[in-house]
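Here's the structure, in C-alpha cells; my notes come after.
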Amino acid sequence: MRIDIITCLPRLLDSFFAHSILQRAQTGGYVEVVVHDLRDYTADKHRRVDDYAFGGGAGMVMQIEPIARCIRALQADRTYDEVIYMTPDGERLNQQTTNSLSLRRNLIILCGHYKGVDERVRELFVTKEISIGDYVLSGGELAACVLADAIIRLLPGVLNDETSALTDSFQDNLLAPPVYTRPAEFEGHRVPAILLSGHEAKIDEWRHEQALERTRARRPDLLES
Ligand code: ADE
C-alpha cells in the first residue's frame, strides 16, 4: 500500500511516521508513506498556499491551484483508490471505514488548514471526506496521522501478533475485554482466576462476556447498531 499525504506542514508529520510500528511498517515494505509539501506546488514567489475568502469573513482559505497541481502530479504516476480530505464536516471515522481503506492500494490524504480548502477542491478532486471526531483541530495533520495509523496497523504482517488487530475494540462492534499481565497479584489485587486456568475455551467465553458487559456499560450505542 502507498499513502501520499499532502500538507503545508510536512515537518509535523515526519516524526510521527519515523517511530515504532509505523516506521517498521515502512522499513518492512508493508506501506510507503510519502509526505508532500504543498508549498512545492505553488507558483507564488512567496510560496503562499492560501488567500482571503471571497465575500469576506475571518480566516484564510487554501487555494485550489497548488492542491490541483500536487494531486495531478501524483495521479500521473499511479491510480489512486481514494483522495481523502480530512475535515471536521466529513463522515465520522470508525473501524469499518478503516478496515475497508486498509484493503486499498493507493491513497491520497489531503490535510486542510485555516478555514479549509476552496470548495472546488472538494467538488473536483476529493472522493471521500473524513472527520476524526466532533471537535475542530488547528489542521488536518493530526487527523491524517490518526487515519494512517489506524489503517497501517491493519495491514497483514505489520503487527507482530497476526491476530491482535482482529481482537481490537470495535472489531465486531464490541469493546475489547480487560487484559492482565504479571504479577498475578499486586498488593492483594488478583488477576481473574479463569485467566490462569489454562482452559482456552472457557477463557474465550469469559473474554466475550466481559467484552459484552463492557460494551453494554460504556457504549450501548454499539450494540444497537
Ligand atoms: N481538521 C480539523 N479538525 C478535524 C477533525 N475533527 N477531523 C478531521 N480533520 C480535521
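Cβ coordinates are placed from backbone N, Cα and C, and glycine is handled just like the others.
Among the candidates Gly112, Gly157, the residue that TrEMBL annotates alongside Ile132, Gly133, Asp134, Tyr135, Val136, Leu137 as binding S-adenosyl-L-methionine is Gly112. The maximal spread of the S-adenosyl-L-methionine binding site, taken as the longest Cα to Cα distance among Gly112, Ile132, Gly133, Asp134, Tyr135, Val136, Leu137, is 16 Å. Neighbour count (other Cβ atoms within 10 Å of the Cβ, all protein chains): 7 for Tyr135 (S-adenosyl-L-methionine binding site). Close to the recorded S-adenosyl-L-methionine site, the chain also has Pro88, Ser131, Ala143: residues not among Gly112, Ile132, Gly133, Asp134, Tyr135, Val136, Leu137 whose Cβ is within 8 Å of the site's Cβ mean position. Taken as a whole, the domain 'tRNA methyltransferase TRMD/TRM10-type' (1-224) shows an average pLDDT of 95 in this prediction.
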